[in-house]
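**Student:** According to Swiss-Prot, the protein has these features:
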- E22, L23, E82, D287, K356, R363, R364: N(1)-(5-phospho-beta-D-ribosyl)glycinamide binding site (BINDING)
- R115, K156, S161, S162, G163, K164, G165, Q166, E196, G197, F198, I199, E204: ATP binding site (BINDING)
- E268, E280: Mg(2+) binding site (BINDING)
- 120-309: domain 'ATP-grasp' (DOMAIN)
Amino acid sequence: MAKLGTPLSPSATRVLLLGSGELGKEVAIELQRLGVEVIAADRYADAPAMQVAHRSHVIDMLDAMALRALIAQEQPHLVVPEIEAIHTETLVQLEQEQGLRVIPTARAARLTMDREGIRRLAAETLGLPTSPYRFVDTEAEYRAAVAAIGLPCVVKPVMSSSGKGQSTLRSEADIAPAWEYAQTGGRAGAGRCIVEGFIDFDYEITLLTVRHAGGTSFCAPIGHLQKDGDYRESWQPQPMSSAALARAEEISRAITDDLGGWGLFGVELFVKGDEVWFSEVSPRPHDTGLVTLVSQELSEFALHARAILGLPIPVIRQSGPSASCALLAHGEGVPYFNNVAAALRVPDTAVRLFGKPSVHGHRRVGVTLARAETIDEARAIARDAADAIGVELRP
């Protein structure tokens with residue numbers, strides 16, 4: 001976009017966020033800084049991005065008619081999916097019928113809404129290296145896939161994120177409960193799953209890849225620690241060989257070029273020595289990229305905002321060893337944070353509290369961030385800051 005309007009005026013540049021969690025909140029803030037009129041939608045009220053948007057809507061984004069009605073009402077210049085649980089076929093239809101601009105493209109949103117579309121594209125169409133895998137619909141197919149792939153392996157619903165419904169199978173005793181959890185823990189309820197073999201990797205990274213008007217740019221690789229498929233810590237830069245980094249960039253460019261459009265992609269990769277395997281890709285900012293709030297001059301959210309608006313990204317500057325640590329809450333209630341001051345007493349630390357309206361079970365409610373002389377020091381400082389904050393859940 002060569003021109004940007006003024007919010008809440010006839011000239012406004014309107015962006016509709018489909019999904020209003022903590023990542024969408026940071027995108028909304030960056031768009032606000034550029035004078036964009038932001039509309040946030042999600043399935044529940046008072047979601048984090050709604051708190052910083054010009055207005056918001058509560059809808060079931062898997063409901064095709066509700067999604068069409070919202071887009072017709074708001075007439076956005078850009079639709080920016082921030083989660084997977086969206087009726088993406090509607091976006092494809094509106095893109096074809098009306099020229100609706102979906103970020104990065106409606107096809108990319110549809111392919112990445114579940115693990116099957118993107119895995120088949122990566123492995124079967126593009127020939128990228130991946131773990132061995134099978135897709136299954138029934139418990140019998142699941143058990144046959146586990147037997148064929150062997151233990152250890154991982155089972156995940158094809159439509160889920162942040163570890164929901166995901167289990168690691170290490171013994172025969174894990175097989176039955178893992179299937180049960182996969183059928184109850186995913187975003188879209190019971191259904192199709194992927195069974196993946198284990199890769200004996202040294203570490204895993206997220207390579208934030210930005211497609212923009214000037215070409216494709218890469219952020220420094222981000223290392224991360226996962227537990228039960230969910231992000232716990234991330235750090236940047238992750239040390240890796242020049243050969244492995246070149247291969248990671250090659251794989252990331254291949255998958256993002258095929259998906260097309262403009263915006264930031266989070267490409268997840270496994271690395272062992274100089275070998276690299278494709279794991280997953282999200283066509284939007286990535287939770288492990290929260291570290292870029294302190295590790296880069298332009299965070300992943302600022303990069304996404306610039307890219308989707310067609311603005312230049314002449315350089316991506318990394319600020320040195322940095323780390324993030326997720327702040328977790330368990331139970332039921334409204335989060336209340338104690339000892340935030342203690343977490344901020346160490347120089348070069350920061351805290352982001354997401355503003356999630358409630359917790360039901362297990363939820364990430366904030367993140368601590370740190371810069372230091374080394375990655376190990378930054379990780380330790382971020383962990384200590386997270387430990388210092390007590391999360392209390394009130395009725």
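Cβ coordinates come from backbone N, Cα and C, glycine included.
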**Student:** Which one is it, among the binding-site residues R115, G165, E196, F198, E280, that lies nearest to R363 (N(1)-(5-phospho-beta-D-ribosyl)glycinamide binding site) by Cα separation?
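**Tutor:** So, of the listed binding-site residues, the one sitting closest to R363 (N(1)-(5-phospho-beta-D-ribosyl)glycinamide binding site) is G165.
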**Student:** Taking E82, E196, E204 as the binding-site residues to compare, which has the smallest set of other Cβ atoms within 10 Å?
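**Tutor:** Counting other Cβ atoms within 10 Å of each of the binding-site residues E82, E196, E204, the minimum falls on E204.
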**Student:** Using C-alpha atoms only, work out the spacing between G165 (ATP binding site) and R364 (N(1)-(5-phospho-beta-D-ribosyl)glycinamide binding site) and round it to an integer in Å.
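**Tutor:** One finds 16 Å between the Cα atoms of these residues.
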**Student:** Measure the Cβ-based neighbour count of E280 (Mg(2+) binding site), defined as the other Cβ atoms within 10 Å of its Cβ.
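**Tutor:** The answer is 19.
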**Student:** Cα within 10 Å of E268 (Mg(2+) binding site) is the criterion; apply it to the binding-site residues E22, R115, E204, D287, K356, R364 and give the hits in sequence order.
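**Tutor:** The binding-site residues passing the 10 Å Cα test are E204.
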**Student:** Round to a whole number and give the Cα-to-Cα distance in Å for the pair L23 (N(1)-(5-phospho-beta-D-ribosyl)glycinamide binding site) and E280 (Mg(2+) binding site).
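**Tutor:** Roughly 18 Å, rounded to the nearest whole number.
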**Student:** Determine, from DSSP, whether D287 (N(1)-(5-phospho-beta-D-ribosyl)glycinamide binding site) sits in helix, strand or coil.
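**Tutor:** DSSP call for D287 (N(1)-(5-phospho-beta-D-ribosyl)glycinamide binding site): helix.
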**Student:** Rounded to the nearest Å, what's the C-alpha distance separating E204 (ATP binding site) and E82 (N(1)-(5-phospho-beta-D-ribosyl)glycinamide binding site)? Just drop the number here, would you?
**Tutor:** 23
**Student:** Far apart in sequence but close in space: which same-chain residues, 6 or more away, have a Cβ under 8 Å from K356 (N(1)-(5-phospho-beta-D-ribosyl)glycinamide binding site)?
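**Tutor:** The answer is G21, E22, A47, P48, P335, R363, V365.
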